[in-house]
Amino acid sequence: MWSLWSLLLFEALLPVVVVSVQVLSKVGDSELLVAECPPGFQVREAIWRSLWPSEELLATFFRGSLETLYHSRFLGRVQLYDNLSLELGPLKPGDSGNFSVLMVDTGGQTWTQTLYLKVYDAVPKPEVQVFTAAAEETQPLNTCQVFLSCWAPNISDITYSWRWEGTVDFNGEVRSHFSNGQVLSVSLGLGDKDVAFTCIASNPVSWDMTTVTPWESCHHEAASGKASYKDVLLVVVPITLFLILAGLFGAWHHGLCSGKKKDACTDGVLPETENALV
């Protein structure tokens with residue numbers, strides 16, 4: 001206990017040299033916080049602390065003894081090595097923060113190193129949705145305007161980028177929307193049926209990607225003189241229904257006329273029969 005208080009007293013009263021370092025890692029990994037000191041600095045005592053979001057004692061080195069069994073949110077996830085570097089892990093989403101190691105040499109000189117640890121989530125496989133824009137009068141024939149939306153669920157600090165491949169001479173119009181490149185608008189032509197677009201979602205420590213072929217969502221065929229199956233249905237089905245209805249109407253009308261003629265014939269025969277009887 002006296003060693004701990006003496007180290008804190010050194011930090012408060014003696015000149016301290018501070019070196020700051022940024023460390024990036026991801027959830028589930030272990031990260032080594034390396035303790036570095038000047039050449040010839042022979043460490044006699046050292047103390048590792050978490051400074052933010054809460055100040056906690058993590059590990060100490062005193063008289064050649066390493067100690068890590070201090071009550072903190074890292075209890076059971078801390079290992080202090082002989083070179084005084086501290087390993088934390090497996091890391092959790094709330095482990096980001098500021099850490100410091102205070103070292104005192106055999107002559108009483110102090111050296112402090114602060115480290116900022118940023119823990120990112122691992123990037124999941126992004127989801128890509130394809131939306132087809134309604135055709136406009138000014139839109140060239142046999143082209144398809146699509147919007148590609150990329151999204152990595154349940155994660156922040158993500159940037160998006162796109163790449164495409166498939167047609168060597170692809171020269172369709174491509175525009176990126178939003179500052180993080182999450183939405184892409186693409187104009188496709190008949191020669192771009194096989195062009196595949198890949199969305200890459202990434203953060204500083206991990207990435208993943210998803211590939212789609214947007215022409216499959218355009219729902220039309222190349223205009224090469226052949227009618228598509230959809231176009232055929234649009235013509236054949238109405239004509240067939242019209243012919244069926246016309247046939248039904250003709251049959252009904254024929255039956256109606258036949259009934260009227262039969263009644264007329266019956267009216268003409270009855271008087272003659274009556275006269276013959278008389």
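Backbone N, Cα and C define each Cβ position, glycine as well.
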Worksheet item: Which cysteine out of Cys199, Cys218 is the one Swiss-Prot pairs with Cys150 in a disulfide?
Response: Cys199
Worksheet, complete the sentence: In Swiss-Prot, the N-linked glycosylation site annotation, restricted to Asn83, Asn98, falls on Asn83
Practice prompt. Give the sequence-ordered list of residues that share a chain with Cys150 (disulfide bond), lie 6 or more positions from it, and have CB atoms under 8 Å from its CB.
Written response: Pro126, Glu127, Val128, Tyr160, Trp162, Gln182, Val183, Leu184, Cys199, Ala201, Thr210
Worksheet item: Which one of these glycosylation sites, Asn83, Asn154, has the sparsest Cβ neighbourhood, judged by other Cβ atoms within 10 angstroms?
Response: Asn154
Practice prompt. For the domain 'Ig-like C2-type' (126-213), jot down how many residues DSSP puts in helix, in strand and in coil.
Written response: 3 helix, 46 strand, 39 coil
Discussion item. Can you give me the average pLDDT across the topological domain 'Cytoplasmic' (253-278), rounded to a whole number?
Written reply: 43
